[in-house]
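To keep things clear, I will list the structure first and then write my remarks on it.
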């Protein structure tokens with residue numbers, strides 16, 4: 001952590017704890033005490049006593065703030081945007097990692113000592129130990145030997161024992177006789193000429209700045225160029241899968257920066273040495289510079305500030321970058337080439353991205369949910385899953401800020417102890433008397449959020465918080481033709497092809513064209529026969545992840561049948577969620593419901609169309625006949641067939657006529673099953 005040297009504070013000489021000399025003390029001790037008092041109360045004490053003053057720096061963009069409230073308010077904008085992008089990335093990926101035991105490797109790593117921790121609670125406790133060690137960073141430095149002391153008492157004792165020994169070793173002399181009043185003091189010497197100092201150094205290009213305002217303005221040029229490079233990278237991607245790959249690459253950006261910087265400093269490889277040599281030469285004129293900071297100053301002074309923004313050019317693809325580290329990281333893509341997945345033939349730019357992608361095929365679960373025990377392959381999918389358990393964010397700081405990402409939460413906690421990556425001081429500041437601090441202002445009125453415990457100082461911040469955290473995802477990008485909203489700009493570009501009819505992606509096997517690269521890749525699996533997605537329960541393979549997820553619903557159901565039987569609607573209500581509103585049938589999948597609805601659509605179209613040719617009139621169905629059986633004592637004595645249904649009285653009369661004996665009418669039995 002860069003140390004900020006501030007103005008030295010003067011120690012008052014006439015304090016309550018000043019050294020009191022008794023009148024009974026001998027002359028030798030009085031002379032030594034007077035020498036020590038004069039030394040510690042003069043300019044020597046003020047010029048040798050230093051303490052550190054910490055400023056708060058944003059971990060995302062490097063902006064400096066004097067108070068904690070200002071940097072927290074500023075970081076809120078970065079964190080809300082990045083959490084929304086992570087959620088959208090997880091939803092766009094469309095992949096669900098398998099439920100398998102973890103590999104045993106610790107999912108969390110301490111950023112201070114690189115120790116692997118198994119659970120988030122242990123990681124937070126481990127981080128607290130580091131924070132307590134570095135909680136007190138104020139030290140006092142001796143101006144003669146540059147030794148540091150944790151308290152002013154130790155500093156004064158060191159000055160008395162080490163640097164005032166010459167005055168103590170002098171032979172004692174008797175007290176001087178009383179002298180007349182001293183003459184008036186000479187006029188003070190003129191102040192020394194003011195020296196221009198540039199205490200702020202840029203970590204990207206080593207440029208020195210005199211004030212924090214100039215430092216922030218200079219840092220903005222690097223961040224603008226970085227945003228432009230990321231925007232150009234997104235423009236080159238064609239589909240959501242490639243966008244997910246870019247986001248995986250962004251997760252390893254810090255590792256790539258460290259590897260690139262180590263490659264620049266290494267001398268054992270000729271290509272790295274040539275790249276470092278080319279980084280110190282100006283691309284517009286033959287002048288060579290000794291350092292990257294001198295080169296940046298030369299380009300800004302001679303060729304304008306615009307030329308210093310993207311000063312590093314790739315010799316193979318003519319792309320420009322703002323720093324030599326990014327140029328070296330980009331050059332590895334030309335040297336090492338791309339990396340292809342052997343399972344699904346997906347191509348990645350980095351080996352780390354390929355390894356992370358292959359974990360999905362192997363079913364590794366490195367991140368476990370502490371609530372339900374489910375395993376996930378990436379931290380993004382784990383964070384998205386944890387939001388299903390609770391609506392509030394996962395990590396809460398003592399200052400009131402909440403985070404859904406543990407890494408951002410740990411970086412934020414370091415700002416409370418001053419370890420936020422402040423710029424390095426390269427020159428000291430002349431001492432000046434400390435100014436009295438103004439009384440603290442009363443806190444502004446806080447507006448609480450009705451959905452979470454957070455509160456805000458203004459209504460605009462409260463509305464922005466509710467819209468970004470608790471509201472639905474915004475669709476800021478609109479289609480100029482139909483006005484449909486999208487979350488990302490690349491989705492608008494893909495949607496415009498539906499209006500123009502453009503199909504730029506063609507299959508080399510059958511010549512069929514598609515509007516997106518993802519649809520072409522999905523279609524090519526039908527030619528190659530590759531089924532990259534396999535069910536771990538039954539071993540069945542699928543060409544698309546959506547088909548695998550639909551298939552897994554059969555295994556997750558409480559009852560599984562070898563053959564789907566015909567069950568009543570009440571039995572299928574909780575197992576088949578797709579319902580036909582025409583005939584009332586239930587289906588397990590939407591595809592089955594759509595195929596079934598085509599039958600009703602075809603039937604309706606046939607009823608609406610006129611007959612093409614007169615069809616032969618079918619013969620009338622035979623009229624139903626009614627059979628009446630008359631029995632007597634269990635024996636059938638008459639069978640009567642009628643074409644029209646008869647009443648019960650008429651049937652009894654027919655039976656009596658058939659028997660021919662009126663006295664036997666009481667013994668007649670009518671078989672009502674045939675009436």
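Cβ atoms are placed via backbone N, Cα and C, with glycine included.
If you check Swiss-Prot, you get these features:
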{"type": "COMPBIAS", "residues": "171-194", "note": "compositional bias 'Pro residues'"}
{"type": "COMPBIAS", "residues": "225-234", "note": "compositional bias 'Basic and acidic residues'"}
{"type": "COMPBIAS", "residues": "235-261", "note": "compositional bias 'Acidic residues'"}
{"type": "COMPBIAS", "residues": "269-281", "note": "compositional bias 'Polar residues'"}
{"type": "COMPBIAS", "residues": "418-427", "note": "compositional bias 'Polar residues'"}
{"type": "COMPBIAS", "residues": "611-624", "note": "compositional bias 'Pro residues'"}
{"type": "REGION", "residues": "160-195", "note": "region 'Disordered'"}
{"type": "REGION", "residues": "225-283", "note": "region 'Disordered'"}
{"type": "REGION", "residues": "415-439", "note": "region 'Disordered'"}
{"type": "REGION", "residues": "606-625", "note": "region 'Disordered'"}
{"type": "ZN_FING", "residues": "56-78", "note": "zinc finger"}
{"type": "ZN_FING", "residues": "108-130", "note": "zinc finger"}
{"type": "ZN_FING", "residues": "140-163", "note": "zinc finger"}
{"type": "ZN_FING", "residues": "312-334", "note": "zinc finger"}
{"type": "ZN_FING", "residues": "339-361", "note": "zinc finger"}
{"type": "ZN_FING", "residues": "367-389", "note": "zinc finger"}
{"type": "ZN_FING", "residues": "395-416", "note": "zinc finger"}
{"type": "ZN_FING", "residues": "447-470", "note": "zinc finger"}
{"type": "ZN_FING", "residues": "477-499", "note": "zinc finger"}
{"type": "ZN_FING", "residues": "505-527", "note": "zinc finger"}
{"type": "ZN_FING", "residues": "533-555", "note": "zinc finger"}
{"type": "ZN_FING", "residues": "578-600", "note": "zinc finger"}
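Each residue in the zinc finger (578-600) gets a DSSP state, and the totals come to 11 helix, 4 strand, 8 coil. Residues of the zinc finger (312-334) grouped by DSSP class, helix first, strand second and coil last, total 11 helix, 4 strand, 8 coil. Residue counts for the zinc finger (339-361) by DSSP state, with H, G and I taken as helix and E and B as strand, are 11 helix, 4 strand, 8 coil.
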